[in-house]
Structures are given as structure tokens and as C-alpha cells.
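Database features (TrEMBL):
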COMPBIAS  1-12  compositional bias 'Polar residues'
REGION    1-45  region 'Disordered'
REPEAT    286-320  repeat 'WD'
REPEAT    330-371  repeat 'WD'
REPEAT    416-448  repeat 'WD'
REPEAT    516-547  repeat 'WD'
REPEAT    548-581  repeat 'WD'
Amino acid sequence: MSAAITSLASYGSDSDSENESESSTSTEKVDPVDSDATAHLKPLQPGHTMSLAVLNSAPEVAVKEAVETGIHLDPSLKEVAFNPTYETMFAPEFGPMNPYKSQQMAAPRNMLSGYAEPAHVNDFMFEQQRRTFSSYGYALDPSVDTHEASSCSYIGAVDEAEKNKGLTVFESGQKKPEKRKKIKGGDAGEIDNFLGPWAKYIDEKDVAKPSEEEQKELDEIIAKRQKKGRNEEEAPGEEKTILHVKDMYDYQGRSYLHVPQDVGVNLRSADAPDKCYLPKKQIHVWSGHTKGVSAIRLYPSSGHLLLSCSMDCKIKLWEVYGERRCLRTFIGHSKAVRDICFNNSGTQFLSAAYDRYLKLWDSETGQCISRFTNRKVPYCVKFNPDEEKQNLFVAGMSDKKIVQWDIRTGEVVQEYDRHLGAVNTITFVDENRRFVSTSDDKSLRVWEWDIPVDFKYIAEPSMHSMPAVTLSPNGKWLACQSMDNQILIFGAQNRFRLNKKKIFKGHMVAGYACQVDFSPDMSYVVSGDADGKLNIWDWKTTKLYHRIKAHDKVCISALWHPHETSKVITCGWDGQIKLWD
């Protein structure tokens, strides 16, 4: 305690002497181990006095002014024993110039990429100059002091800057138009042809009656409009049919609807072939349509007849076996036919066309039995496959609705109105108790029959429109032709989940509703594509097994014959229907 008091008492006298001694020794070389620097680490000896500067402060690093000004730092030095200035640290190295340095590398640098001049511009000034440059073509030079405004302080269109006196986009050089002077005392006499705030102008007319010529032109326009409206509401075109074979009935009085028994295949059997094989070559071409074929359908159960609809507004019935002749042509639509569908027995079929009409035809006589329309374009049509409901059919329309008609009355009995886009396909599943519809709204909806509210709605952000859907022969799967060049497989029982393990790729179909089909034994999946090719995938591995150039234009549909091991029928927009084996 006495030693501490003594050291405090001697603080005043010691501090001056210490400062002098420090200044005198500042120019001298510092010893490696200074006794004063380690004095604070030693225990205090009784009777020994020590300055507070030694006790209370860290060891000081001497600043060598002579070294800073006169001597440069050695670049290879690892440790610096003093505080050098910025100029000392970044002074150029002594010695010969490096002859291999480029001009850019030899130039003075204060950063890795070059020399950066100190500058500061706040956000508003920067944005102001940027907008001025983009609008007027000039801006202030940031490297010049802004207080010295002259032609040299601008970059870009200097002449424009001088002309506008350096105005920015936030400063308006034009004078504001003077406000209209109010007329005192309500005197409106100064305004020409104006009689007052509620009065009309002197030369203003109440009724603009057209002249005789103008009236004639108006009458013609109105008449044309009314005529156009009448055309749309006119009755459908007259239906007729052409029989292309000599005799409609054979010697036993049987028509062409009779299932043949001498073709080498039991067409009456309900069993599918045990093993299917890949088709290799073309064996027949049905040609008769003058424009692209839209859809083809095989005769129910037997498949001995083929029905085709085309963009030439005609529907044709062909033989699949024998001479493979065109049997009958059905004419009655005024625009391209979009879809066709047989009833269960094959005696009647429905056709849907762009003339907004759905027509019911007799397959044998070619007579048009009835017509249906709701003034919208039908995109697809399907009979209810249930034997007890063969008088009912549904059609997907362009106005986002699925409409259900009764053939006996010709009236709409139900409307399913939940889709957000035109309805493309209707497929019956689950023993015909439900049906699945797809639409341009990129969704898939599942409906209970006769209940106009969908109980299942499938729509993912990654999904695309699916304009062609086919049910597998075993009724367990739905093959959907997706517009992202894939065939997606959904379960057709209960959950309707996407089977992510079965995705068929490798063809180009974007923009076309190419119909998909299965082989009868569920071994293969077939589909046309936009290049006119017939693609065949293996069902188990989803590998693309075979590809055939089938048509010159889009191959819009492919059907695998339900009783044949390797017969596939394709149709395309080149107007041809081909048989492959």
C-alpha cells in the first residue's frame, strides 16, 4: 500500500522525465526485449516505485518518421515494426522495370482492376442523371466538379445540353400555359357562337338526319346484317347418301352390317388375342376423302367395318376385310365433321360437325334420323354405353358445357357446366357409371352420370391440355395425349391418380389431338404424331419400340384392331386411311 502511494506521489515528477526519455529514445533502435515493456508482468517489489504509464497502457509502437519519408518497404518483408503511411506501403518498387508487363498492368492501380477515382453520388442524383441521359442524351460528368457548370461538365449530346441550359427531366423548361381567365359577371359575349352555360351553340343541330345517299348505304348495311343472321339460323343442309356397292343385300338378304365368318378370325368372340406383335408393313390404303380425315371408328364388337369422318364434310363407311371397298357415303354437314360415335349395336351413329349440328344416322340405310343443335360447335360426342341408356348421348361443346340429349324427344335433358374452356373429350369409365372429360382449361374432371357437379377435379400447374383420351381394354387406365409431347396414364378406378412410372415420350404432337390406342393384350401403346409417323411403345417398359412413316401430313389417329394380333389402322390429314400388319 505504501509503495502504491509513493508511486502516485511521484507521478507528476516522473511523467515529464518519462516523456523526455521516450522522445529521446524514439529515434533509437528498439531492443528486442524492452525491460519497461515487461515490467508490468513482474510482481511489485517492496519499496520499488513504477510509473502509471508503464502499468496502465499497452506497449507503444514507435513511429519512425525518417523511415516513412526516406526508406521504402521491402516487398518480401513479412513483419513491419512500425506504422507506415499509405504512400509508403503503395510506393513503386525499386529496381529494373519488368519488360513483360502490359501497358494496363504497368499503369498506376489502387485496386485489382485498375484505378478508381473517389466519387459519391446519392441515389436521387444518379437516377436524375440516368433519366436525363436516356431522355435528352446528355448528363453531368461525374468526374468534374458540378459547381463549375460549363460545356465541359456534360457528357453525351453537349449541344443539346447547352440548348436546354442543362435542364434535367425533373425540371421543366417550358412555361405552363396560362389559366383561362374567368369571365366576370357571366358575360358570354366574348365566346363565339356561345349563348350561355346551359344554352346551345348558334349553329348546333338537334338531329343529324342522313342525306339520301347516306340513307341508302345504311339500308344496304342493315340488310346485309339481317341476311347474315338469317343464314346462321337457316335449317341444316339437305342430307343424302350414296351407296357404292351394286347390291345392298346378299343372296340371303343380309346387309353389309352382318358380321362375316370367313375372314380367318372369329369376329364374334369377345376374347382378345393372347399375344400381339408389332406391325411392319402397309397392306392397304383406303382413299376417297378429298381432305384430311378427322376421326376413324371401328364397328362395335366385331370391327369388320370402319367409319371415317373428314374435313370434306363427308362420312364414309368402309370394309375392313374382303375387298375393302367403300360401302356408303353420308352427306349432310355443311362444314368439316369433327367426331363420330357408334351406338352399342352399330345400327346407328352420331356425327358432330363445325356447322353446329349433331346428326343421328342409320348405318344401314344412310338415312338421317334426327338433328340436334344448341347453336354452339360440338367438339366431341359419345353415346352412353349402358344398354339401358342407349337413347342418351353427351356432347362436349365450344361454350365450355357438356350437353346431354335424349334421342327420343330431341331435347336437352342435362347440362354439365363446370369447365373453364372448350370441352375436348368425353370417356366413360367404371362400368359406365361415370365419365371423364378434358378441356382447353388444362384440367381433367370426373362426373357421376346425370349429376351436373364434378366430384373429382384434377389440375396441376405442370399439366397441359389433353385433347385425346382413350380407355385401356381392361378398363383400368386412361391414356391422355398431353400437349407437352407426352402420353400420360391416369388410373380409371377410384382415385384417378397420375401413374408417374408410365409416361410415354419421344413423339411430337404439340398442337394436334392425335388419338392414342392400346393393343388388345395391353402389350403396346400406339399413337400418331405431327410428322405423320406411327409410334409404338412397350406398355411395361415405356420404351419407344417402333416408328413408321405412315402419312405425308399429321397422323391424327391410330386404332389397333380388337380381334387381330398386329393390324393397326391409321388416318391422316393427307386424306388417306391405311392398314398396317
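Glycine is treated like the rest: Cβ placed from N, Cα and C.
Away from its own ends, the repeat 'WD' (330-371) comes close to residues 236-243, 255-257, 291, 294-295, 297, 299-302, 305, 307-317, 377-383, 385, 387, 390, 393, 395, 405, 407, 410 of its chain (Cβ-Cβ under 8 Å, at least six residues beyond either end). Mapped onto DSSP helix, strand and coil, the repeat 'WD' (548-581) counts 0 helix, 18 strand, 16 coil. Nonlocal intrachain contacts for the repeat 'WD' (416-448), taken as residues 6+ away from its ends with a CB within less than 8 angstroms of a stretch CB, comprise 379-382, 384-386, 389, 394-404, 454-459, 463-471, 475, 478, 480, 490, 492-493, 496, 513. Secondary structure of the repeat 'WD' (516-547), assigned with DSSP and counted as helix (H, G, I), strand (E, B) and coil, comes to 0 helix, 18 strand, 14 coil. Across the repeat 'WD' (286-320), DSSP classifies residues as 0 helix, 20 strand, 15 coil.
Remark: secondary structure over the repeat 'WD' (330-371) totals 0 helix, 23 strand, 19 coil, with classes taken from DSSP. For the repeat 'WD' (548-581), the model gives a mean pLDDT of 95.
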